[in-house]
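Participant: In case it helps, TrEMBL gives these features for our protein:
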BINDING   B:Cys65, B:His69  Cu cation binding site
BINDING   B:Asn470, B:Ala471, B:Val472, B:Lys473, B:Asp517, B:Lys533, B:Thr548, B:Leu552  ADP binding site
CROSSLNK  B:Lys720  ubiquitin cross-link
DOMAIN    B:350-587  domain 'Histidine kinase'
DOMAIN    B:616-735  domain 'Response regulatory'
MOD_RES   B:Asp667  4-aspartylphosphate
TRANSMEM  B:20-41  transmembrane segment
TRANSMEM  B:53-72  transmembrane segment
TRANSMEM  B:92-115  transmembrane segment
Amino acid sequence: MVSGRGVDEGVFFLFWQGILDDQFTQLQMLQDESTPDFLEEVVTLFFDDSVKLLENLSESLKADPLDYKVVDGHVHQFKGSSSSIGAQRVMQVCITFRHCCDNKDKQGCLDHLAKAKEEFNIVRSKLGKMLKLEKKIVDLGGVLPFMDC
Amino acid sequence: MEACNCVEPQWPPDDLLMRYQYISDFFIALAYFSIPLELIYFVKKSSIFPYRWVLVQFGAFIVLCGATHLISLWTFSSHSRTVAVVLTTAKVLTAVVSCATALMLVHIIPDLLSVKTRELFLKKKAAELDREMGLIRTQEETGRHVRMLTHEIRSTLDRHTILNTTLIELGKTLSLEECTLWMPTADGQELELKNALRADPLHVTVSIHHPTIKQVFSSPRAVIISPNSPVCVTRIRLGKYMTGDVVAVRVPLLDQFTNFHFSDWPDRKTRPYALMVLMLPADSARRWHVHELELVEVVADQVAVALSHASILEESTRARDLLMEQNVALEHARQEAETAIRARNDFLAVMNHEMRTPMHAIIALSSLLQETELSPEQRSMVETVLKSSNLLATLINDVLDLSRLEDGSLELDIRQFNLPDVFKEVLNLVKPIASVKRLQVNLTMGPDVPDTAVGDDKRLLQTALNVVGNAVKFTKEGIVNVFVGLERPEYPRDPRQPDFRPTPGDQHFYVRVQVRDTGLGLNPQDIPMLFNKFVQADSTTTRNYGGTGLGLAICKRFVNLMDGHIWIESEGVGKGSIVTFVVKLNVPEPPSHHSIQIAPSSQSSGSGCRDFSGVRVLVTDDNGVNRMVTRGLLIRLGCEVTLASSGRECLQMLSQRSQAFTVLLLDVCMPDMDGYEVAIQINQRLGRRERPLLVALTANTDRQTHEKCLRLGMDGVITKPISLEKMRMVLTELLERGSISEVTQRL
């Protein structure tokens, strides 16, 4: 079994598209025989957390009067978790989202919320599918092509 | 009377009359006997005489008549009864035969007469045939003339010879008074007399719209025209203006005044024709015969063909001459260019050496100077000198490289090398600058990138370094991601050059390298120009960022040398850019397995031989995902991890636990009680010796955050997101030195 830094093929394509970045590689590296489900757990947690976060965000943006600090707080959280996972595009959206909060730009915030949801859905669907597939392969006794580099 | 049985003649025998009768009879008999003889004689002579039977009959008749007359000779004197009987018999027979002959003749004579008629008829026929023979011979003669004429015409490709020969031969063949050829003028509105048999072409022109000419042009046949028409020009002879019959025929010309357009045969009206006019001598009574007209038409066609051949030949000769001229000029230019290149190369070679030597001296000595004792002013001056000279040295190298690349004299140094190492090296070279700018630079290698490849690694390094360096240079904040992988057909192509489709083979493969940054970005319109020498995206770039603008040009040439392609995409200014290049590398020979296996282990062994087992870490972060990730990292390193989800919980745990934690990782941005608060609290409660090492986790990269952390008594700051390596290094330093150095903090 080869351990060490490596990226498996399916996910690699997501790198090319800019959906995931290097941080995800880090996470993959942390998974080994002793923690075979690490990646799955983290990713699932991220998905669940983010869904809740996005709900909270929508709610906070509907409030009248709008409290930008609250919104900013949520976005900060989202940014944090997405950067830990390595969901690069989501994180980028969060960064610019925060600028809108700083400028107290309501329309901008709403647009960014939509974008954030979109990007998150992309990550969720693609990464989710990829991981499910890989799990299947492993369950059937196959080996995922990891390689040292 | 006596009973002598004699027959007495009527008249006495001595009578004169009797004598005359006697002689006449004798002669008649003679004649009668000789006629058949003659007949037989002559008939025997001639071979054909169809009426032998008639002849026999006739002969018999005559013979009998003669016999009768002969026998009647005896009857002039007294003769016996026998004689009388014989005579009578003869007469009777004669009568019979002559009647038969008479009857026969009724049949025969019309036949004989008709023979004569037939003879006359045959004579007439013979005369006719003779005439016709004469005609045919004339025609054959004409045909011979035509063939000869054609031969003459076709044996030359010179236009004038063709025309003159035609006229001469036609004149000879048909015994013409005059034969002229009229060609259309440049504007196509008039016919000009160009060639004539006897007359001198005296710039006579006739309008093309003259009815006679229209009539001639509208028919492919030779047309007899009136001698009064304006085309009937002859050598003016005193007192003689009339000519005999005149015939004119059109000669189709190829479109000589424009280029050959075979595809658009215009309608007949617009095709240019020439006119040939033939005049018979006035003093002969000759008229134009049909066969002569046919001859004229045939000749006209032949002339047309010959003229067209001549035209084509002229054109191609002209074209060939032009080409030869151009060839000579090109050859000349080539030689000049070669001379220029040689001169330039010589110059560069010399200057290269001459320029580099002093350059090296400056750089070396400035570096040495740096090592000595200097006042701050002096030091900054020396640094500037060093920086400038390094820049200059790079410039010199770049220019030299580029000029060598341009004329193809640069060759790649092919050898076997470790492919991943190249990119790691690039990253190492770039990391210092990146960390100063607080940029994140990530390298991701694909799963199927081979460890060894055959190619020019130095130039590959140079290219990658240039690209990554640009990304770092033009990015103020954010991330630079470098991806390296084996090229796949499904990867997106260059939108500006979708034809570039590299296909791997047995001996070679293609590597794709992509560098994404969150930097300045580019206006898509500027992108094509970037690979040109000395061009940067806009003039302010040079001012603000320096550089010569040669880098990408050189990269492109290196990439092309490696049978690859490089391209840039950007969504716009401020939206970052993506530089992708694909290069061809060769498959290494089946290697000994040692070299491969050594390389990868360097990653995992590295500096982290340190075993972190037993190190107890408390992670405080309000974000669940972050907590999990950090925990995973630490577990990987072998630490014991406890999690707290808020500042209060953290403080609680600290006070509760019997065994202290070695390290505390605190997220600074937490609601309620943030990391700073926690640090302050801890510092208040516990002394320096007792407390665990405090490390702040923050996504901020600016100075103020750093300073604040340190002021508040933190032992270090780590920027998120954290990589395994980062964590490892931080922990190592912490545990060894008790604090984290600046450099480590900036990772």
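Cβ from N, Cα, C; glycine included.
Looking at the shown structure, what environment does each listed feature sit in?
Facilitator: The C-beta environment of B:Cys65 (Cu cation binding site), restricted to residues of the same chain at least 6 apart in sequence and closer than 8 Å, consists of B:Ile28, B:Tyr32, B:Thr94, B:Ser98.
In sequence order, B:Val430, B:Ile433, B:Ala434, B:Lys437, B:Leu439, B:Val441, B:Val480, B:Asp517 constitute the residues six or more apart from B:Val472 (ADP binding site) in its chain with CB-CB distances below 8 Å.
Less than 8 angstroms from the CB of B:Lys720 (ubiquitin cross-link) sit B:Asn626, B:Leu697, B:Thr698, B:Ala699, each of them six or more residues away in the same chain.
Over the domain 'Response regulatory' (B:616-735) the predicted model carries a mean pLDDT of 82.
Within the same chain, residues at least six positions away from B:Asp667 (4-aspartylphosphate) with a Cβ under 8 Å of its Cβ are B:Thr620, B:Asp621, B:Asp622, B:Asn623, B:Asn626, B:Asp674, B:Gly675, B:Ala696, B:Leu697, B:Thr698. DSSP assigns B:Asp667 (4-aspartylphosphate) to a strand segment in the three-state reduction.
Under 8 Å from some Cβ of the transmembrane segment (B:20-41) lie the Cβ atoms of residues 55, 58-59, 62-63, 65-67, 69-70, 72-73, 76, all in the same chain and six or more residues away from its ends.
Counting residues 6+ beyond its ends, the transmembrane segment (B:53-72) has Cβ neighbours under 8 Å at 25-26, 28-33, 35-36, 39-40, 43, 83, 86-87, 90-91, 93-94, 97-98, 100-101, 104, 108 in the same chain.
Counting only same-chain residues 6+ beyond the ends of the transmembrane segment (B:92-115), those with a CB under 8 A from a CB of the stretch are 51, 54, 57-58, 60-61, 64-65, 67-68.
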Participant: Around the C-beta of B:Lys473 (ADP binding site), how many further C-beta atoms are within 10 angstroms, looking at every protein chain?
Facilitator: 19
Participant: By DSSP, what is the split of the domain 'Response regulatory' (B:616-735) into helix, strand and coil residues?
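Facilitator: In the domain 'Response regulatory' (B:616-735), the DSSP-based counts are 55 helix, 25 strand, 40 coil.
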Participant: Hey, of the binding-site residues listed (B:Ala471, B:Leu552), which one tops the CB count within 10 A?
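Facilitator: Neighbour-count leader: B:Ala471.
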Participant: If you count other CB atoms within 10 A of each CB, which of B:His69, B:Asn470, B:Asp517 wins among these binding-site residues?
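Facilitator: That would be B:Asp517, with the highest Cβ count within 10 Å.
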Participant: Cα-Cα, whole number of Å: B:Ala471 (ADP binding site) versus B:His69 (Cu cation binding site)?
Facilitator: 159
Participant: Which of B:His69, B:Ala471, B:Lys473, B:Asp517, B:Leu552, B:Lys720 (recorded positions) reach within a Cβ distance of under 8 Å of chain A?
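Facilitator: Among the recorded positions B:His69, B:Ala471, B:Lys473, B:Asp517, B:Leu552, B:Lys720, the ones whose Cβ sits under 8 Å from a Cβ of chain A are B:Lys720.
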Participant: How long is the line from the C-alpha of B:Leu552 (ADP binding site) to the C-alpha of B:His69 (Cu cation binding site), rounded to the nearest angstrom?
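Facilitator: Cα-Cα, rounded: 150 Å.
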Participant: About how far apart, in whole Å, are the alpha carbons (Cα) of B:Lys473 (ADP binding site) and B:His69 (Cu cation binding site)?
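Facilitator: With distance taken Cα to Cα, B:His69 (Cu cation binding site) is 163 Å from B:Lys473 (ADP binding site).
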